[in-house]
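Marked as heme b binding site by Swiss-Prot: His63, His92. According to Swiss-Prot, the feature domain 'Globin' maps to 2-146, an assignment based on sequence analysis. Taken from Swiss-Prot, the feature N-acetylvaline applies to Val1. Among the features that Swiss-Prot reports, phosphothreonine is placed at Thr12, with the record citing similarity to another entry. The phosphoserine annotation in Swiss-Prot covers Ser44. The feature N6-acetyllysine is assigned by Swiss-Prot to Lys59, Lys82, Lys144, with similarity to another entry given as support. Taken from Swiss-Prot, the feature S-nitrosocysteine applies to Cys93, supported by similarity to another entry.
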Amino acid sequence: VHLTADEKAAVTALWGKVDVEDVGGEALGRLLVVYPWTQRFFDSFGDLSTPAAVMGNAKVKAHGKKVLNAFSEGMAHLDNLKGTFAKLSELHCDKLHVDPENFRLLGNVLVCVLAHHFGKEFTPQVQAAYQKVVAGVATALAHKYH
């Protein structure tokens, strides 16, 4: 991902304030509610029948935290996202058969959740930098599909 020094500083500073459990659970939950076809990858998670069920689901929250912990690894290695996400790309491609478009959708949902959590602190400049990061992560996760 090609970030300016200011962009890198902005995303890193904000990421240091992120509660991965809270934001991760909300981001994955919103993905499953807003794009319900993504639920097919989580049929072992139990009740996903209503938005309230999804947002209150302990397995969704736990997996959302796991997703954001992996994203944190990417934030620590912004210059090597393909390497950082190589094993996860392989897992999602070869074993889980996840549509790589879902990575882009989740990235966009994550940006919405960050805006919701950080309000005025999530300026248009910070959003632009995060859009670059989530696009880079989505590309890295889709790498094994090509």
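Backbone N, Cα and C atoms are what each Cβ position is placed from, and that goes for glycine too.
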Number of Cβ atoms other than its own within 10 Å, given for Ser44 (phosphoserine): 6
Nearest of the recorded positions (Ser44, Lys59, His63) to the residue listed as 'N-acetylvaline' - Cα to Cα: His63
For Thr12 (phosphothreonine), the number of other Cβ atoms found within 10 Å of its own Cβ: 14
Sequence-distant neighbours of Lys59 (N6-acetyllysine) in its chain (C-beta under 8 A, six or more apart): Phe42, Ser44, Phe45, Gly46
Lys82 (N6-acetyllysine) versus His63 (heme b binding site) - Cα distance in angstrom: 22
CB contacts for His63 (heme b binding site) [other CB atoms within 10 A, all chains]: 17
Site with most surrounding Cβ atoms, counting all protein chains shown within 10 Å, from the modified residues Val1, Lys82: Val1
Nearest-integer angstrom distance between the alpha carbons (Cα) of the residue listed as 'phosphothreonine' and Lys82 (N6-acetyllysine): 19
His63 (heme b binding site) in three-state DSSP notation: helix
DSSP three-state assignment (helix, strand or coil) for Ser44 (phosphoserine): helix
For the residue listed as 'N-acetylvaline': DSSP state (helix, strand, coil): coil
